[in-house]
Amino acid sequence: MSQVILDLQVACEDTTGLPDEAQFQTWLNAVVPQFQEESEVTVRLVDEAESHDLNLTYRGMDKPTNVLSFPFEAPPGIDMPLLGDLIICRQVVEREAREQEKPLEAHWAHMVVHGSLHLLGYDHIEDDEAEEMEGIETEIMLALGFDDPYIAEKA
């Protein structure tokens with residue numbers, strides 16, 4: 001299986017307790033090579049202000065969010081392995097993990113898996129799309145040794 005080329009950018013003021021590059025690499029490699037042979041992904045870890053600005057600019061949502069996915073679309077006739085960018089907000093991920101009573105590492109992994117599937121074209125707007133995407137996420141999370149991230153919703 002091929003490895004994803006990772007460009008990790010840390011733009012958080014406080015970097016204490018963030019997952020390391022090897023963890024992000026493991027999580028990306030659990031997703032992307034199943035769907036695409038050669039890929040490059042940028043993962044940018046940000047604080048709430050940057051997440052809020054990007055979420056407002058690109059989604060019209062006036063708040064920070066856990067993960068934003070920006071797929072790269074190469075111009076016609078140009079073949080590039082760049083899959084896109086994931087922007088992950090440290091504070092939102094940490095808050096959600098506490099609120100949902102999930103291990104922090106598992107929630108970080110879930111955000112990478114979830115965001116990567118968006119880069120690959122998956123979505124969860126329609127119920128059938130959500131069911132398919134959540135099923136893939138669950139399989140990958142279990143393969144990584146984490147619990148089903150949607151177990152509370154299924155109870």
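Any Cβ shown, glycine's included, is placed from N, Cα and C.
Positions annotated as Zn(2+) binding site by Swiss-Prot: H114, H118, H124.
All protein chains shown were included, and the count of other CB atoms within 10 Å of the CB of H118 (Zn(2+) binding site) stands at 18. It is H124, among the binding-site residues H114, H124, whose Cβ has the fewest other Cβ atoms within 10 Å in the structure shown. The Zn(2+) site, placed at the center of the C-beta atoms of H114, H118, H124, has further neighbours from the same chain whose C-beta lies within 8 angstroms: V67, S69, G115, L117, Y122, D123, M133, E137. H124 (Zn(2+) binding site) falls outside any helix or strand according to DSSP and counts as coil.
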